[in-house]
Structures are given as structure tokens and as C-alpha cells.
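The annotation topological domain 'Extracellular' is assigned in Swiss-Prot to 1-32, 90-103, 165-187, 260-275 on the grounds of sequence analysis. Marked as N-linked glycosylation site by Swiss-Prot on the basis of sequence analysis: ASN16. Feature annotation from Swiss-Prot assigns transmembrane segment to 33-59, 69-89, 104-125, 144-164, 188-215, 232-259, 276-293. The annotation topological domain 'Cytoplasmic' is assigned in Swiss-Prot to 60-68, 126-143, 216-231, 294-342 on the grounds of sequence analysis. Taken from Swiss-Prot, the feature disulfide bond applies to CYS102-CYS180, supported by sequence analysis.
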Amino acid sequence: MAEHDYHEDYGLNSFNDSSQEEHQDFLQFRKVFLPCMYLVVFVCGLVGNSLVLVISIFYHKLQSLTDVFLVNLPLADLVFVCTLPFWAYAGIHEWIFGQVMCKTLLGVYTINFYTSMLILTCITVDRFIVVVKATKAYNQQAKRMTWGKVICLLIWVISLLVSLPQIIYGNVFNLDKLICGYHDKEISTVVLATQMTLGFFLPLLAMIVCYSVIIKTLLHAGGFQKHRSLKIIFLVMAVFLLTQTPFNLVKLIRSTHWEYYAMTSFHYTIIVTEAIAYLRACLNPVLYAFVSLKFRKNFWKLVKDIGCLPYLGVSHQWKSSEDNSKTFSASHNVEATSMFQL
């Protein structure tokens, strides 16, 4: 996988504390576990993010800044998960797709990883502005929409620029088998620092600061939506911490304590936490789109239009609930967002 550089694979071949039998057991486990997890994330992420894109583009339309972000986020996650079948095959067998595909997929994988994390950060800041600066946000919706599109464009450009080391130095190497990665230790350090900063610490800091203020604001507000909004905030934070913290902690340990490369148990930890981290691509559609009542209503419209299920008379139910939600939002001069129009 893209996270596995030359040094990691070299470490697998230079263990000291593990027996040959334990090492072979680990290789067999990795050969089965990672491809299976990649395929699960691929299928779930493909379905979930495709649904979000289709509904956002053809049903929901771009009505707010949040909508702009909720088009770019599933797009990034969708392209990200589409690289996983290649890594799954390489995990079972070896890299057979050549050097050009190696560089291309490393670049695509990395660009969309950074884009997804930076957009999550922007969504967090946007929610902060909408709740804490509600009146100002409401009065400047058009300007915020324009800036949102510019910000999304900048995010894609920045993601491309910070992904250049993987694209330039990515190559195919022959260890026990052909692998796609990069073997320069200095490049690995730069890549790790960038991934930790943009892919973990930045969104984590934004969530801690913004959601702390949002929670304080909601606790002093009235309305029937307050408790549900708080639950969603805690759920978003919990999912991010549970899926991203273990793998980033392991990567940090891996970069500072090379002796762990000789421990087979540590490599189990690497691949398990890596698989957990990729679950974000499956969970983002649920956390950032399907929590919206309007989005769920549009989902049922899509289901009706493609004829998969009868509409079952749910239209009136969604309409009634949506009217209540709009009343709540309007009374607070709050722009409709995926978190607060529930």
C-alpha cells in the first residue's frame, strides 16, 4: 500500500526477535487481511460516496457553502477508494502494473487523501462560522459560496503540490517481490511530516477548537435540535479519533523507533490500524451527508426515480419533519447545514 515504503518492507526481512515461523504467519495474515479490508472499504466507499455525489449534483443542488464541500469531499473519497483494488491485488501477489501506474496511483491516492482531510477541516470551520457567527454567515451566503469554491480549488492544488514527492520518487522495487513505493529515507521523513500535519493534526486541532466553541454555543441555545446536534458533534469527533489516531500514533512511533521494525507484533499493529484508518472513506457519507434530513429525503426521491423501492408514502413524513427543521434554522438565522438541518 502507499503507506508502506521501502524501509518498512526491508524491516520485514530483517527481524531479530521473531522466529521465521512467526514472520511467515504475519506475511500470510497481511496477504489475506489487508486485501479483504481494502475491498470492503472500496465497495462501501464506492456505494456511499457515489450516492452522495449523485444526490448532491442532481437533487440537492449547490445551495450553501456546506453543499460545495459535500461535493468535493465524496469526490475525493471516491477517487481514493478506487485506488484500493490495485493495492489489494499487489498485496496478494505483487505489483504488476508498471512504473507509470505506480507513480500515478501513488499520486492519485495521496492527492485525494490530503484533499479529503483538508475539506473535513473546512467543513469544521464552516460549521463554527454558521453557528457562532450565524447572522453574519446568513447575510453573506453569496460571498461565502464564491469563497468556498475558490478554497476548494486551492485545496486540490495544494494537495497536488504536497503529493509531488510520492509522484516523483515513487518507483517499483524488487525485494522478495515487486512493490510500489519509495525508498529514500529523507523523502519518507518529509512525506510523514506532511501527512501527520495536514492529514491529522490540522483537522484534529480544527475540530477541538471549533467544536468546543460550538458546543458551548449550543448549550446556551434553546430548541429541540440542540441535543441531536450535540450528539452528531460527539459522533464526528469520536469517529475521527478512533479511526485516525491509532494509525498516526503508530506511524509516529515507527519513524522514531526503528528497532520496532524487528518486532513482528508491531507490524500486525501497523496493518490493522491502517485498515481502521481507511474506514473514514466509508463513514464520511454517513457523518457529513446522511445526517441531513433534506439529504435523506432526496435519497428517497432517488430510490423512487430509479424504481428500486416503492415510495411507501414517506414523502409527507419527510416534508413535515423538514418544515420543523426549517423553522428551527430560520428562527436562529442559521444557514442550512448537514449538521443542523436534521
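Using the three backbone atoms N, Cα and C, a Cβ is placed for every residue, glycine included.
Counting Cβ pairs closer than 8 Å and at least 6 residues apart in sequence, the transmembrane segment (104-125) and the transmembrane segment (276-293) reach three or more and so form a contact.
Cβ contacts within 10 Å of CYS102 (disulfide bond), excluding its own Cβ and spanning all protein chains shown: 25. Outside the transmembrane segment (188-215), and at least 6 residues removed from its termini, the chain residues within Cβ reach (under 8 Å) are 5-7, 113-114, 117-118, 120-121, 124-125, 127-128, 131-132, 162, 165-166, 182, 230, 233, 236-237, 240-241, 244-245, 248, 251-252, 255. Two recorded stretches are said to be in contact when at least 3 C-beta pairs lie under 8 angstroms, sequence spacing 6 or more; the transmembrane segment (33-59) and the transmembrane segment (276-293) meet this definition.
The recorded stretches the transmembrane segment (69-89) and the transmembrane segment (276-293) share 3+ CB pairs below 8 A when only pairs 6 or more apart in sequence are counted, and are therefore in contact.
Taking H, G and I as helix, E and B as strand and the rest as coil, DSSP gives the topological domain 'Cytoplasmic' (60-68) the counts 5 helix, 0 strand, 4 coil. All protein chains shown were included, and the count of other CB atoms within 10 Å of the CB of CYS180 (disulfide bond) stands at 25.
Non-local neighbours of the topological domain 'Extracellular' (90-103) in the same chain are 1, 30-31, 34-35, 38, 166-168, 170-172, 177-180; each lies 6+ residues outside the stretch with a CB under 8 Å from one of its CB atoms.
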